[in-house]
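Scroll down for the structure; my scribbles are underneath it.
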Amino acid sequence: MRIILLGAPGAGKGTQAQFIMEKYGIPQISTGDMLRAAVKSGSELGKQAKDIMDAGKLVTDELVIALVKERIAQEDCRNGFLLDGFPRTIPQADAMKEAGITVDYVLEFDVPDELIVDRIVGRRVHAASGRVYHIKFNPPKVEGKDDVTGEELTTRKDDQEETVRKRLVEYHQMTAPLIGYYTKEAQAGNTKYAKVDGTKAVADVRAELEKILG
């Protein structure tokens, strides 16, 4: 089962990716992890990626596609894989298609921007332990304090409203067009496309995914 997850940052993809991996026994392929592993391995592709990144440039789509092809040929991908964070653009999706990388399901996690802002901006973390709270959905017993140690909670830089809104604008400009792209692909019979209501409780979203994926 080959799956692509689409949705804005904060739409709940990460939580459900864990569930899909465990339930269907497929690995999650994150382009960031893949690039780091390739560089570490010192392979030909890894060396190319390192040179580009060392020069402060973005790795080309061709190189990422070559790495994806190499990665999905590995033994743990024989039953499928889960792509999160790739493709991000229509040229990347086209390049994937030209490389013969097919997918069975494209799942779109649909959550309104304002709810995403609410979800992310309300997060508070206890840096030392990694415990995460939410001022509205999962508040600490004492406002601003960690339940276990009583230490001060902080807001991650990535969770500040300005940053979140900027990431949402980038998502709508770059990645949202993929929704139309994969809807057409599904109409042509090349994949199956499903929209998942990401505003529901985690367990309800999980049940919806089980229904879609079987």
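Every residue gets a Cβ built from N, Cα and C, even glycine.
When Swiss-Prot records Gly10, Ala11, Gly12, Lys13, Gly14, Thr15, Val132, Tyr133, Lys200 as binding ATP, the matching candidate from Arg36, Arg123 it lists for that site is Arg123. When each of the binding-site residues Gly10, Gly12, Gly14 is scored by how many other Cβ atoms sit within 10 Å of its Cβ, Gly14 comes out lowest. In this structure, of the binding-site residues Lys57, Arg88, Arg123, Arg156, the smallest number of CB atoms within 10 A of the CB marks Lys57. DSSP states for the region 'NMP' (30-59), grouped as helix (H, G, I), strand (E, B) and coil, give 22 helix, 1 strand, 7 coil. Note: the region 'LID' (122-159) comprises 3 helix, 12 strand, 23 coil (DSSP; helix = H, G, I, strand = E, B).
Residues Thr31, Arg36, Lys57, Leu58, Val59, Gly85, Phe86, Pro87, Arg88, Gln92, Arg156, Arg167, recorded as binding AMP, reach a greatest CA to CA spacing of 30 Å.
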